[in-house]
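As recorded in TrEMBL:
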- A:12-38: transmembrane segment (TRANSMEM)
- A:58-80: transmembrane segment (TRANSMEM)
- A:92-109: transmembrane segment (TRANSMEM)
- A:115-134: transmembrane segment (TRANSMEM)
- A:146-165: transmembrane segment (TRANSMEM)
- A:198-217: transmembrane segment (TRANSMEM)
- A:245-266: transmembrane segment (TRANSMEM)
- A:272-291: transmembrane segment (TRANSMEM)
- A:298-319: transmembrane segment (TRANSMEM)
- A:325-346: transmembrane segment (TRANSMEM)
Amino acid sequence: MRLTLDRRDGAGMAGLFLSPLLAVALTLASSIVVFWLLGQDPWRALNVYFLMPVSDFWGVQEVAVKATPLVLIAVGLALCFRSNNWNIGAEGQFLIGAICGGGIAVWTQGWGGPWVLPLMLVAGMAGGALYALIPAVLKTRLRVNEILVSLMLVYVAELLLDWLVRGPWRDPFGFNMPQTITFAPEATLPLLFDGGRMNLGTVITLVVVVVATVVMARTLKGFEIKLVGEAPRAARFAGFDDKKLTLTVFAVSGALAGLAGVMEAAGTVRQLLPGFSPGYGFTAIIVAFLGRLNPVGCLIAGVFIAITFIGGENAQIILRLPRDMTLVFQGMLLFYILACDTLILYRPRLVPRRAPA
Amino acid sequence: MPLLAAEGLTRRFGALVANDSVDLTVMPGEIHALLGENGAGKSTLVKMLYGLLQPDAGIIRWKGDAVTLPTPKAARGLGIGMVFQHFSLFDALTVAENVALALDDARPLRAVSDELADISRAYGLPLEPRREVWRLSVGARQRIEIVRCLMQNPDLLILDEPTSVLTPQESEGLFATLRTLRAEGRAVLYISHKLEEVRGLCEAATILRQGRVVDRCDPRQQTAGSLARMMVGAHIAEVRRARAEARIGPVRLRVDHLSVPSEDPQGTALKDVTLEVGTGEILGIAGVAGNGQDELFAALSGEVRAPEAGNIVLEGTPIGWNGINARRRAAAAFVPEERLGHAAAPRLPLSENALMAGHAKGGFTRRGLIDRGRMLGWVDAVTHAFDVRKGPRDPEARALSGGNLQKFVVGREILGKPRLLVVAQPTWGVDAGAASLIRQALIDLAARGASVLVISQDLDELFEIADRMAVIFHGRLSPAYPAEDLTREAVGLLMGGEGFGPGREAA
Ligand SMILES: Nc1ncnc2c1ncn2[C@@H]1O[C@H](COP(=O)(O)OP(=O)(O)OP(=O)(O)O)[C@@H](O)[C@H]1O
Ligand SMILES: [Mg+2]
């Protein structure tokens with residue numbers, strides 16, 4: 001016997017929504033088994049992971065703080081991936097954004113004004129965009145593989161940040177710790193509520209989600225992105241220039257990742273230091289796919305992943321479970337969503353090796 | 001005893017019944033035609049017989065026994081081979097490598113090469129085992145697919161619209177091969193829209209209409225007209241031409257000494273092409289496939305820019321450096337040869353395929369936002385004017401049968417009221433009724449004063465609609481002659497390169 005997959009007819013729209021929901025449900029079910037095997041009370045563990053993070057307003061704000069960079073980066077990546085451009089280096093663009101914006105905060109320390117923050121945000125976006133244009137230009141001019149270049153540039157950005165905070169930008173009064181000064185108030189994003197860390201960055205991200213949704217669904221640019229990804233030759237017939245588009249989507253996704261970086265620096269961490277990002281740029285790839293490369297989908301997926309991050313921290317403290325559990329969740333989630341996609345689009349069938357003659 | 005008998009085969013796609021209780025009997029040593037309009041369900045039926053689609057109901061009998069065909073491999077195991085209209089070959093590999101890869105049992109390349117050479121000699125299918133596929137013509141590629149099937153020693157060979165991409169000479173070669181196979185007692189199931197061809201070749205025919213078998217006949221006893229009537233259940237209109245001299249006016253499109261190197265290494269460069277199309281005129285360009293038609297289309301559409309702006313002049317304005325959308329705004333429209341992937345995006349709905357070609361001229365957007373209502377309205381208009389048969393109102397392009405998609409892409413451009421229409425292979429794979437509809441639409445467009453340039457390999461088509469004709473050969477274009485001064489033989493000679501001296505101007 002052998003397993004084959006037959007394409008199902010007319011499963012398009014249902015699969016779009018069914019598959020992520022089913023994947024989440026299966027992840028929860030499997031995690032019950034995992035907790036049980038670890039000798040934990042599954043209900044208590046689920047509670048710690050998925051309910052405690054959102055059980056009070058402070059927790060909800062923490063979830064928003066984590067979800068903000070994930071969603072912002074994922075929305076940019078979704079535009080890229082839709083048009084068949086594979087930007088895997090959002091993590092690097094995120095760090096460069098933080099460096100460009102943070103550099104302004106360090107430089108204007110002591111003599112800045114209300115103009116500092118807008119300047120930082122613009123610098124962060126510009127830095128991220130330019131950094132993302134490196135693989136894009138190499139792809140369009142020399143046909144260099146953008147996956148490799150964008151990925152390798154992540155390590156360049158990490159090392160650059162490392163050098164800056166250990167060398168020129170180190171806080172002179174920081175006991176030799178590798179970190180910059182804490183940013184001045186005019187270089188930080190205002191908080192939305194007292195007694196929490198949610199800041200203006202979350203609002204900016206929601207605006208970006210709305211704009212991206214309209215662009216994708218209702219504008220010619222969104223149609224161009226879709227068409228170039230679906231059928232490049234037809235896109236040329238439609239008069240769209242795929243090379244220009246590659247540059248555009250890389251610049252936009254780099255700008256959004258850079259914006260996420262500078263907002264993380266100016267809003268949440270308020271200084272630069274080496275392990276500044278817990279890998280947001282990479283996790284955002286999962287978020288983008290879990291969200292079906294759709295801006296609103298990315299928002300929902302980003303919140304869900306953020307909850308598992310916070311839940312993981314809680315579980316470390318309360319249940320003494322290793323932090324790796326969070327990665328196990330994310331891995332299971334990605335696995336289930338791919339499986340659900342396949343099974344909803346295709347019907348598996350066991351067939352005999354030889355047809356009866 | 002029949003070789004193959006299908007009894008009550010039914011296949012649905014959602015609400016649409018593509019095959020409704022179809023019975024089909026193929027005898028050994030018979031060339032059996034499967035006829036029907038676009039979307040009648042011919043491809044669906046043979047895909048079930050080859051194990052590519054599973055029937056929802058009905059049985060297939062092979063030499064009397066009921067069989068299930070879960071995969072094409074199972075079908076090949078029984079002795080059923082199939083050649084698809086769209087080839088599945090690896091361009092970078094050689095002929096022998098392509099054949100070896102497709103065999104169900106592993107055999108050394110050497111043995112495959114030898115056997116391939118034997119078969120190609122025995123059946124008159126000339127092929128060089130060591131040639132890379134990208135160097136070969138369409139006809140040669142099809143010969144690979146056929147040889148590939150014959151290597152499995154099939155009792156039944158299924159061919160889905162094999163001649164729609166072949167030159168007349170290549171078609172004749174194919175028929176000779178099929179007659180040899182028949183003489184050996186093998187059966188052939190043959191799908192074609194070319195009814196004359198079917199009359200000369202087949203001794204049995206099953207006719208489908210809207211998924212049902214409506215008739216069976218011996219095509220040798222029929223005329224092309226009576227076969228067409230069985231297919232559509234009605235009379236097919238003759239294409240009517242207006243008097244040419246009366247309406248042809250001043251030159252609208254002028255191509256002036258245009259030379260363009262080809263983008264891909266397998267292509268043909270255009271060399272010093274000069275032509276003119278007047279208002280109200282249809283200019284036909286004949287030629288064997290691969291002689292620069294694709295390059296000429298790309299240069300005219302603006303997908304590839306001309307070296308000099310003045311190489312292409314539309315209504316007095318040099319447009320050689322303009323892109324395709326600037327040309328569309330100057331009231332030009334284009335229909336490329338390849339429907340899926342070039343003229344239409346397979347996985348997008350028809351409405352977005354309408355937007356694709358129409359967005360340059362506006363009308364689909366309101367205050368910068370896409371207006372879905374207008375797009376759907378356009379789809380309805382095209383559907384109505386060109387009789388596009390489809391299930392839902394706005395299906396994905398790939399869910400349409402080949403001919404219906406062709407009607408959609410031609411209709412999409414003609415309804416935009418262009419003053420210049422450049423169209424390649426307008427009736428490629430389209431049934432007789434739809435072909436006459438499309439040709440009539442082209443003639444009517446010209447009668448209203450538009451200029452039409454038709455690139456086609458189908459000489460019958462060109463003689464039917466063109467006012468003047470030119471021939472393209474190795475990237476050069478012959479002068480255009482009035483169609484009534486030309487004979488088929490004269491065009492045939494030009495297509496073979498007669499009169500195109502090396503390095504000289506065409507005679
Ligand atoms: N994968 C599919 N999904 C939905 N509908 C389909 C699919 N394949 C075919 N159809 C529909 O089934 C019907 C029969 O299609 P089929 O391709 O068998 O026609 P055909 O007779 O081969 O036509 P043509 O001469 O144009 O190739 C058409 O209405 C088509 O739209
Ligand atoms: Mg077909």
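Placement of Cβ uses the backbone N, Cα and C atoms for every residue, glycine included.
For the transmembrane segment (A:325-346), the neighbouring stretch richest in Cβ pairs under 8 Å, chosen from A:58-80, A:115-134, A:245-266, A:298-319, is A:298-319. Under 8 Å from some Cβ of the transmembrane segment (A:58-80) lie the Cβ atoms of residues 52, 86-87, 90, 94, 193, 195-199, 201-202, 204-205, 208-209, 212, 216, 225, 249-250, 252-257, 259-261, 263-264, 267-268, 277, 280-281, 283-285, 287-288, 291, 293-295, 298-299, 301-303, 305-307, 309-310, all in the same chain and six or more residues away from its ends. Through the fold, the transmembrane segment (A:115-134) approaches residues 87, 89, 92-94, 96-105, 108, 149-150, 153, 157, 184, 186-189, 247, 250-259, 261-263, 265-266 of its own chain, all at least 6 residues removed from its boundaries and within a Cβ separation under 8 Å. For the transmembrane segment (A:198-217), the residues of the chain that approach it from at least six positions outside its boundaries are 61, 64-65, 67-68, 71-72, 75, 78-79, 82, 189-192, 225-226, 256, 259-260, 263-264, 267-268, 294-296, 298-299, judged by C-beta separation under 8 angstroms. The transmembrane segment (A:92-109) makes no contact with the transmembrane segment (A:298-319), as judged by fewer than three Cβ pairs under 8 Å among residues 6 or more apart in sequence.
Note on the transmembrane segment (A:146-165): residues 85-89, 91-93, 95-96, 98-99, 103, 131-132, 134-136, 138-139, 178-180, 246, 250, 272-274, 276, 281 of its chain, located 6 or more positions outside it, place their CB under 8 angstroms from a CB of the stretch. Within the same chain, residues 45-46, 49-50, 290-292, 297, 300-301, 304, 321, 325, 328-329, 332-333, 336-337, 339-341, 344-345 sit at least 6 positions outside the transmembrane segment (A:12-38) and bring their C-beta atoms closer than 8 Å to a C-beta of that stretch.
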